[in-house]
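Trainee: Attaching a single structure in structure tokens format; questions to follow.
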């Protein structure tokens with residue numbers, strides 16, 4: 001079986017990670033002790049992707065939990081599914097990273113990283129044929145961002161041909177913990193551009209807006225935001241966990257979704273949007289699901305796809321529905337909005353259907369878009385970064401851990417390059433793409 005090793009780093013990463021395990025354990029009929037009480041063979045068909053089968057028929061998540069302080073791990077351990085994890089897979093320090101990327105990446109995190117890699121190695125060795133890794137973390141703090149990206153580069157060194165996938169929570173002033181979030185996020189993106197194959201950008205700004213506008217929650221809590229994240233993560237991984245044809249493993253998803261190696265930042269979306277503990281009173285139709293799914297209000301990144309163009313799209317429908325109707329509606333959506341899809345990648349929208357809906361819903365749809373509009377998110381962080389960096393505000397916290405200002409400048413320009421690359425492909429047309437090539441060759445020859 002093609003296995004995935006899951007890592008979660010830092011407070012945010014551990015909270016959304018453990019929520020993810022609660023949701024998928026429930027979907028696969030696995031209780032908090034790791035025993036199976038399901039009702040469908042489909043639940044066990046590809047259970048090995050995320051779970052090890054231990055003695056006594058218990059299923060144990062193939063998960064590694066990492067943090068630089070014990071607090072969050074203690075609450076995961078005492079949480080609803082805390083006992084399902086392998087006790088040896090909790091790796092934590094005592095010092096904390098104090099929301100400082102440099103501590104996570106260069107000092108405190110670097111001291112803990114080898115003991116994490118030992119656990120990762122052990123999990124990888126227990127795999128029949130490892131397809132890759134997924135990391136849940138945030139980009140705004142110290143551990144998830146600094147140590148998370150350190151782990152990615154170390155794992156990349158050791159497993160260069162395996163897929164590296166991240167669920168990265170992007171900071172926003174609307175839900176802010178720390179003033180240095182733009183620094184931490186920019187330094188992280190600098191790493192993610194080079195070292196991951198696919199990154200799902202989960203944007204706190206968008207989550208907050210969904211809770212506030214759509215779900216009418218006046219003061220959204222992290223619990224409310226995480227409910228949306230777990231629904232999205234469950235949807236995105238559906239094809240990996242249940243039998244199916246399309247995007248059935250991380251590599252196939254990457255091949256369909258990533259036309260250029262650096263442009264691997266996806267906007268996830270979900271429909272229908274429900275609040276925690278909320279009830280769906282009427283079942284949606286396929287046309288409604290499709291329409292909602294492409295609506296910017298349902299996107300988990302605060303970008304409006306109408307301000308850019310889609311390079312590629314993957315859609316996952318869940319529940320019992322007619323394949324024919326799904327295909328018709330998806331074609332319809334593309335034809336009606338053809339100007340929002342680049343014409344130089346034909347058939348750039350792929351659709352999968354899975355029979356098992358998420359709990360509490362008859363039907364649901366998950367959206368994964370690789371859109372040039374994601375540049376709005378990077379621009380937002382870049383502006384906040386520049387505002388502080390030109391005054392060198394708070395820099396001493398980073399240089400004190402041995403960092404050089406040069407690294408900040410490099411990270412800043414790498415992110416600006418990324419924005420220009422997205423813009424370049426947004427403006428490209430089918431005809432002129434060929435002309436660029438020729439001009440380039442001509443200049444080289446001159």
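Glycine residues also receive a Cβ, built from the backbone N, Cα and C atoms like all the rest.
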Trainee: With the ranges 1-4, 5-8 to choose from, which does Swiss-Prot describe as motif 'MREI motif'?
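Mentor: In Swiss-Prot, the motif 'MREI motif' feature sits at 1-4.
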Trainee: Region 'Disordered' per Swiss-Prot: which of the ranges 405-425, 426-446 is that?
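Mentor: My reading of Swiss-Prot: the region 'Disordered' range is 426-446.
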Trainee: State the three-class DSSP label for residue 138 (GTP binding site), counting H, G and I as helix, E and B as strand, and everything else as coil.
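Mentor: Where residue 138 (GTP binding site) sits, the three-state DSSP reduction gives strand.
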Trainee: Compile a sequence-ordered list of residues in the same chain as residue 204 (GTP binding site), six or more apart from it, whose Cβ lies below 8 A from its Cβ; state 'none' when nothing qualifies.
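Mentor: Listed in sequence order: 140, 169, 170, 171, 172, 174, 175, 225.
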Trainee: Given the binding-site residues 11, 138, 143, 226, and counting only Cβ atoms in the protein chains shown, which has the most within 10 Å of its Cβ?
Mentor: 143
